[in-house]
Number of protein chains: 2
Amino acid sequence: MADFDIAIIGTGSGNSLLDERYVDKRVAICEKGVFGGTCLNVGCIPTKMFVYAAGVAQQIRDSARFGVDAHIDGVRWPDIVSRVFGRIDPLAAGGEQYRRSSPNVEVFASHTRFAARNDDGSYQLHTDDGDEFSAEQVVIAAGARATVPSAIAECGVAFHTSDTIMRISEVPEHIVIVGGGFVAAEFAHVFSALGSHVTIVLRGTTMLTHTDDTICERFTDIASRKWEIRSRRNLVGGSSDDSGVTLHLDDGSTVRADTLLVATGRVPNGDQLDAHLAGVEVSAGLVAVDEYQRTTARNVFALGDVSSPYQLKHVANHEARVVKHNLLQPWDDTDNLMPANHANVPSAVFTEPQIASVGLTENQARAAGYRFKTKVQDYSDVAYGWAMEDSTGFAKLIVDDDTGLLLGAHIMGHQASSIIQPLIQAMAFGLPAQDMARGQYWIHPALPEVVENALLALCGEPPWPPPRRH
Amino acid sequence: MADFDIAIIGTGSGNSLLDERYVDKRVAICEKGVFGGTCLNVGCIPTKMFVYAAGVAQQIRDSARFGVDAHIDGVRWPDIVSRVFGRIDPLAAGGEQYRRSSPNVEVFASHTRFAARNDDGSYQLHTDDGDEFSAEQVVIAAGARATVPSAIAECGVAFHTSDTIMRISEVPEHIVIVGGGFVAAEFAHVFSALGSHVTIVLRGTTMLTHTDDTICERFTDIASRKWEIRSRRNLVGGSSDDSGVTLHLDDGSTVRADTLLVATGRVPNGDQLDAHLAGVEVSAGLVAVDEYQRTTARNVFALGDVSSPYQLKHVANHEARVVKHNLLQPWDDTDNLMPANHANVPSAVFTEPQIASVGLTENQARAAGYRFKTKVQDYSDVAYGWAMEDSTGFAKLIVDDDTGLLLGAHIMGHQASSIIQPLIQAMAFGLPAQDMARGQYWIHPALPEVVENALLALCGEPPWPPPRRH
C-alpha cells in the first residue's frame, strides 16, 4: 500500500495547490470524473461561452431599435457546442496528463473515500477501483453536485441537469426548466435567445430569491415577459416518449416540452466520502471548516463548494491559496497559518439582464439593525444608458448612515459584473461612499457613471473645506 | 445698461453653476450657439449613441463565429439621426427655456466679449447683437472648437467637422477622414460599421499618438486591417463636385470620396473673447488659470475646454463644481477656496476596440525617472475573453518598483471604460497594486479578471504573515 504525504480529493480548485514548494512531496490526486472540476467542465466557463453566443443572438433580435435591420438566418448549435468543448475538453485532458507525468504525483481516477485514521495520525483511503493508500495530510476539494427532486428522479422522466444540458444535440423547440435560481436564469436566457420557447416551473413566486428584493422583483417581471412562468407549482410526476416530456404539476396541469432541465440547486459532496471514519464533521454534505480551512480532523483541510456556503469559484480559488500556504505550516501554528477572508464576497448571474451583488441586501441590512439609506439609480439616467436605449438596468446602493460606508451593492444590467468592481474594492478597503464618489474621476460618458450618480444621490457633495480630522 | 452680479460665457458645464445658493444673484448667461455645449450637442453624448448603434451593426457582421448566422438587411441612418437628436435637441431647447424663465437670469443668445474693466472692478461686456452689460464676476466657460487646416479651408472643398457630420443625410459610401486622433477613430468606427469604406489620411504613421505606445501600435495595426490608411501624407488641396470630393495629397496622389471629415484637433476659444481688455491672460486660445480656476483678472474664473489641456467633460464638470464653490468665496480667501484636483484624470476613446487610460504612459514613466514594471495581460487569458473569442484586447499596467503604486493603466478592448474604474480608484486613493490584487474578490468569470491577472503578474502573492508595520 502506497504512502503519500498529501492526498487531494477533487481536481477543481484542488488541482491548483501544487507549486514549486511541493516538488518533494509525494501527492495522490483523486478524481472520479473529469479533471478540472465544475467550473471548467460544466460550470462557469462553458456556460459563459453559451451565454455570450446567446447575447449576440439577442442583440441581433433587438437591433432594429438602433436603426439596424437584421435577422438571424440560423443558429448552428452543434458549432457552438464544438467551439465550447473543443476548447475545454483538451484543457481537462491536458490537466490530467500533466499530473500523470509529474514524478511526485499519482493520479487515482476513481471515486475516493476515507477508510480509517491510522495510529500514526495518517489517513487511510480507498477508491472504488480497489486502490488503497495512506496520506499524512488530506485536502477535501470534492465540490458539489446538482440535486434532483425525488418526484423527478423516481418517475423515470428523461431530464438534464447543468452537467449534461450543454451537450444536447440541438436547440430545443420548447424547454421546461424546473427551478428559479441562477442556473435556471442563465439557461433560460441561453435557450430563449437561441430560439427556444421557455417554460419555468417555480415553487415560489419569484426567480433569484437569494438576491435583493429590488433585483428579485424586477428580474422576475422581465422574465415573465419573455418566458412562460408557472409559479407556485410543484412537480408531482412526469413521463417521456420519443417526442419529449410531459410533466404533471400539483395543480393538475401539465407541461409538454421536448427537453427538461432540472435546476433545483446543488449540494456539497461531503456526504460521499465516509468522512466520519476520519473524524471529519459533515452536515448535509457540507464539510465543517474553521477560518484556516481546517476540518475537525487533524491534518485534513477542505476548500471550495464541499465546505463553502458560497459555491463560487473565486471563493474556492481564494481558499485554495489559503490551503496551499497552510499545508506547509504546522497544524496548530496559528501565528503562521493564513486565515481565509470571506468578507465582501461578490457574485454574479450571467443571465439577461446580467446581475451582480456584493454585501448585504436591504432586508439583511434592516435585520442587522443598521440605519441606512438606499438609492436605486437607473442606467437610463446616464449617457451610456441613453446610448443603449436601456430601460431596465439599475444600480442599487446601500450606505450606512453612521459610518458612511457601503453595506451592499446590487446591480442589474449590461456588464453589471464589471461595473460592480469599484464597489467591491471600496467595501474591501473601507472607502467611504462620499470619498468614492468625489475623490476620483469617473469617465464621461462611460457606464460606471451610474454608480457615480447613485453614490452622489446618497452622499451629496462633500463639504469644503473638509472638516478637520484629529 | 444692465448690471449683473455674475456673467457666465458658455452653457456647457457653465450652465451647471447655478444652484439654490445663487437665487439672489443677478446672472447673465451668454450662449452664441445651442444651449448645453459640445458634450451634449456635438460631442460625448450624441457620438456615443452613434457608436452604440455601430457596435450593434458590427456585432451582427461578426456573429457567425459564435455560431449565429445573421445578416444586416439595412441601416436606417435617418432613423439613427432622429433617435439621437430627437432626444438631444429638446434637452438643449429645454435648458435654454428654463434659464429664460428664471427670474434672476437673463440670457444673451449671441457671441459675447469683454469690452473693458470698469473703475469699480466690474467688467463690461458686449454681444455681437449690440447688447452691453456689466458684471462683478465673470465665468469663462466658452469651450473649444474644431480646427480646420488652412489647406482645406482655403481650397473651397466641402467638408464636415464633428459639429456637422452626425447630421448628414445618409451613410457615405466612402468617407475620407483627415486626422488620426480620437474623433477620427470614433467616426471611422461608426461609419465603417454602418457600411462605409473609410480612408484615413495621417500626417504621421500611427493613430492615437497620445496613447501609450502599446495601444497606439496595436490600435493602428487593427485599424489598418479595417480601414485604408494613408500615412505620412499631408493634404495640399481639394475640390468638390456633385458626386463628392477629390483631395490632393503631397505625394501627388489623390483620394476621391463622397464625404470629407476633418478631424485635426480642437483649439480653446479664449482667443475670441477680447480677454486682454479684461486683463485675462490667454495663450493660443487657452485661458490661464491657477489651482482655484482663477484667471489672471480679479473675479474672473474659467473652466472646461477653454482653460484646460484635457478637453474632457468629466474634468469640466469637476472644475464647474470648484467654480460653483469659489464664486461664493472672497477672491483671495485661499483658506476657503476649493482647489481643483487634476490628478489621475482618465480618458477613453469610444472606437473599436474601446480604449481607456489613466496616469502615465510607459514612456512618460521612463522620462520621469521611475523604476517600474509593466505587464500586458490579454483578454484572451481570462474566461470572459474566451467567451468573447477576443484576440486583441489587453490591459497594460505600470507599477512603481519603489512604492508598489500604480503609475498608469492602459486598456484596449470591450468595455475598457468600465473595467479601468477600479484602477482609477486605486490610483486616486493610493492603494498599492498588490493590495488591490489580493485584498478584494474579483468575480469569476467576469471581465475585470484581466485586471486582476495583470496585477498578480506584476506583484505576485503577498507574503504571509504580512511584514510587521510600524
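Here the Cβ of each residue, glycine as well, is placed from N, Cα and C on the backbone.
Per TrEMBL, NAD(+) is bound by B:Gly179, B:Gly180, B:Gly181, B:Phe182, B:Val183, B:Ala184, B:Ala185, B:Glu186, B:Asp305; the candidate from B:Gly130, B:Gly265, B:Gly270 named for the same site is B:Gly265.
Look at the Cβ of each of the binding-site residues B:Gly179, B:Gly181, B:Gly265 and count the other Cβ atoms within 10 Å; the largest number goes with B:Gly179. Calculated from their C-alpha atoms, the gap between B:Ala185 (NAD(+) binding site) and B:Lys48 (FAD binding site) amounts to 13 Å. Listed in sequence order, the residues of the same chain lying 6 or more apart from B:Lys48 (FAD binding site) and placing their CB within less than 8 Å of its CB are B:Phe350. With B:Gly179, B:Gly180, B:Gly181, B:Phe182, B:Val183, B:Ala184, B:Ala185, B:Glu186, B:Gly265, B:Asp305 listed as the residues that bind NAD(+), the site has a largest C-alpha separation of 20 Å.
Put simply, B:Val183 is the one of the recorded positions B:Gly179, B:Val183, B:His444 whose Cα lies nearest to the Cα of B:Cys44 (disulfide bond).
On its own chain, B:Cys39 (disulfide bond) has B:Gly12, B:Ser13, B:Ile45, B:Lys313, B:Ala316 as residues at least 6 apart in sequence with a Cβ closer than 8 Å to its own Cβ.
Counting Cβ atoms from all protein chains shown, B:Ala185 (NAD(+) binding site) has 26 others lying within 10 Å of its own Cβ.
Between the CA atoms of B:Val183 (NAD(+) binding site) and B:His444 (active site, proton acceptor) there is a gap of 35 Å. In the predicted model, the domain 'FAD/NAD(P)-binding' (B:4-319) shows an average pLDDT of 97. Helix, strand and coil counts under DSSP for the domain 'Pyridine nucleotide-disulphide oxidoreductase dimerisation' (B:345-454) come to 39 helix, 29 strand, 42 coil. Using a cut-off of under 8 A between C-beta atoms, the recorded positions B:Cys44, B:Lys48, B:Gly179, B:Gly265, B:His444 that neighbour chain A are B:Cys44, B:Lys48, B:His444.
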